[in-house]
Every structure is written in structure tokens, then in C-alpha cells.
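> Following this message is one structure expressed as C-alpha cells.
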Amino acid sequence: MQYKNLGKSGLKVSTLSFGAWVTFGNQLDVKEAKSILQCCRDHGVNFFDNAEVYANGRAEEIMGQAIRELGWRRSDIVISTKIFWGGPGPNDKGLSRKHIVEGTKASLKRLDMDYVDVLYCHRPDASTPIEETVRAMNYVIDKGWAFYWGTSEWSAQQITEAWGAADRLDLVGPIVEQPEYNMFARHKVETEFLPLYTNHGIGLTTWSPLASGVLTGKYNKGAIPSDSRFALENYKNLANRSLVDDVLRKVSGLKPIADELGVTLAQLAIAWCASNPNVSSVITGATRESQIQENMKAVDVIPLLTPIVLDKIEQVIQSKPKRPESYR
């Protein structure tokens with residue numbers, strides 16, 4: 001496993017990380033989570049991602065209990081969680097000072113931890129002044145409940161505004177953004193965020209490297225495997241949107257490239273994401289140890305992605321966004 005700094009911070013995170021979205025509390029219980037997490041550690045993963053909203057908090061409970069029972073040293077791992085959707089009440093969601101503080105304390109209780117390493121604002125909140133959110137995230141850091149803070153699915157403008165507020169108030173700005181990034185979702189990472197890397201040293205922990213499994217090739221025959229996330233009731237609409245013929249045709253076109261390198265489609269897709277120098281860590285998911293073992297081999301695929309190979313991939317997927325002319 002390779003380790004990178006998370007943005008311009010001194011925090012080292014594994015190139016590949018593990019996220020609890022969908023799986024913990026929906027498809028996996030504590031016993032299964034323990035084997036999955038230990039398999040990740042055995043492959044050098046030190047970074048594990050969660051959120052207060054995942055399985056309505058159950059994902060944090062499962063991860064916390066699993067880590068406790070595994071007996072891991074807290075200093076050996078990097079844990080992140082995300083705040084925004086905490087419950088049904090009017091103050092149980094969003095990025096007000098009240099919800100950030102109360103939501104963080106509730107997450108730590110579920111995780112059974114004194115702190116998380118990174119706390120994300122899970123979405124932007126137009127109803128709360130950015131100064132209030134920045135102050136609240138700094139309060140959480142000052143209390144020792146989190147060491148760093150970041151954003152998830154924010155726009156470049158919103159992140160720039162957060163940094164502007166932090167600079168004005170002489171406070172800590174966000175060091176990391178968590179966007180979707182894969183061969184079919186590239187605009188933010190490759191164009192919109194370009195000024196953020198230069199101006200603020202923002203790092204990225206990207207999610208959905210396999211486009212919800214589409215880039216594994218398992219949906220290419222049209223049928224949805226019963227153990228896949230698209231088989232879950234909540235993800236039926238996602239399945240209909242993602243499994244369009246054009247995308248599946250492109251995935252099929254990637255197969256010869258993967259075969260030539262002697263790797264799987266999943267390994268190729270994950271390595272492709274990790275090869276972007278602005279990506280600090282690629283968040284992966286899995287329901288079985290065998291999936292983790294396959295995914296982790298993507299680290300060895302990164303050096304194989306020469307400019308020639310990347311060009312071959314681009315000719316198939318044809319999804320490269322145009323860079324804005326105004327940015328140098």
C-alpha cells in the first residue's frame with residue numbers, strides 16, 4: 001500500500017480506503033464487518049470513512065464495535081465521518097452550529113471514540129451562513145473531537161467561500177473535499193476544482209470509483225446480481241439511470257485494455273482514479289473479503305497506467321471534460 005498526504009495537511013492516508021456507505025447496517029453486521037475491516041488492514045488500508053446518515057447511524061455503531069473488538073490501536077488508523085442528515089427534527093440536519101456540535105457528539109458516541117481524524121460537512125447548507133459553519137467546525141477541532149475538517153459534494157465556489165471566511169476569521173479552512181469520481185464522473189475533479197488545488201491545497205477522497213459497480217462489468221449482460229447494491233430497493237432508480245446502453249458499451253470496450261494488462265476491470269477503474277495526482281485516497285466498498293483482495297491489487301496497477309494506456313482508455317470512454325480557458 002502507498003500513503004499520501006491528505007491535501008496539504010501532514011495526515012497520511014492510504015491510497016485506497018474503505019467506506020461504509022450502503023454496506024454497514026444494510027448488507028453487513030458486526031461479525032461480517034470485522035472480517036472486512038481486518039482484510040483491509042491486512043492490505044495496508046489505514047483510512048475508514050463513515051457518516052451519521054449511513055443506515056441511520058447504525059453504520060457508525062457497527063464500525064466502532066468492530067474496531068473495538070478487533071483491538072486496533074486508535075493511532076494506527078484514520079477515521080472520518082460526515083455531518084448533515086442526523087434525524088427528523090428541524091435542527092437535526094444541516095450545518096448550523098447546533099447540529100454540527102450535537103451531531104458530532106452523537107457520531108462519536110456511536111463510534112465509541114474520543115475523536116475522528118476528519119469531519120466532513122456532508123453537503124452544503126444554503127440556509128446557514130458560511131461563517132457559522134466555519135466557526136462550528138473550528139470549535140469541534142478546538143475541542144479535540146476532530147483533527148481536520150472537509151467538505152463533501154460542495155462546489156468550488158462554496159469551498160472558496162469557506163476558505164474566505166476562515167481566512168477573515170483567522171480560522172482553519174477545509175483541507176479535503178469528497179466528490180464522486182470515476183471514468184464517467186469527471187467534471188468537478190478535473191476542471192472545476194483546479195483552482196482549489198493551487199490556491200488552497202485541497203486534497204480529495206473520492207467515492208464511487210466503480211460507478212456503483214458498473215465498471216466491474218458485472219451488469220454488462222443486463223441482469224442485476226442479487227447480491228449487488230442495485231438489487232437493494234433504495235437503489236433501483238440509480239440502476240435505471242446508470243445502466244444505459246452507451247455506458248455498458250464503453251465498459252465492454254475497456255475489457256480488452258484490462259486483459260492486455262492482465263488485470264480486472266475493477267482494478268483498472270480504481271487504479272485510474274488513484275493515478276490522478278490530486279486524489280489523496282480512493283474510497284472503495286465491499287461486501288466480501290474477495291472483493292477487497294481484488295480491489296487492493298489496484299495499487300499495483302497504477303504504475304502500468306502509462307500515457308499510452310491512459311490514451312487508449314480515453315479513446316473508449318470519451319469522457320474527458322474540457323478545461324476552462326480562463327484557468328491557467
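Backbone N, Cα and C define each Cβ position, glycine as well.
Small disclaimer: the values here were computed from a predicted structure and weren't measured.
Quick paste of what Swiss-Prot says about this protein:
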BINDING   Trp21, Gln27, Asp49, Ser152, Gln178, 207-211, Lys218, Arg229, Gly285, Thr287, Gln291, 294-295  NADP(+) binding site
ACT_SITE  Tyr54  active site, proton donor/acceptor
> Any idea what the Cα distance is from the residue listed as 'active site, proton donor/acceptor' over to Trp21 (NADP(+) binding site), rounded to a whole Å?
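Distance (Cα to Cα, whole Å): 6 Å.
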> Same-chain residues six or more away whose CB lies under 8 A from the CB of Gly285 (NADP(+) binding site)?
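Listed in sequence order, they are Phe18, Gly19, Ala20, Trp21, Val22, Thr23.
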> Per DSSP, to which secondary structure element type does Trp21 (NADP(+) binding site) belong, with helix, strand and coil as the options?
coil
> Check each residue in the chain of Ser152 (NADP(+) binding site) that is at least six apart in sequence and keep those whose C-beta is under 8 Å from its C-beta; list them in sequence order.
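Residues satisfying the criterion: Lys82, Tyr120, Cys121, His122, Arg123, Glu177, Gln178, Pro179.
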> For Glu294 (NADP(+) binding site), which residues in the same chain are close in space, meaning a Cβ under 8 Å from its Cβ, but six or more apart along the sequence?
Thr264, Ala266, Gln267
> Neighbour count first, Cβ atoms within 10 Å, every protein chain included; then name which of Trp21, Tyr54 tops the list of recorded positions.
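Answer returned by the neighbour count: Tyr54.
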> Identify, among the binding-site residues Ser208, Ala211, the residue whose Cβ has the fewest other Cβ atoms within 10 Å in this structure.
Ala211
> Which three-state DSSP class does Ser208 (NADP(+) binding site) fall into?
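Ser208 (NADP(+) binding site) sits in coil per DSSP, no helix or strand.
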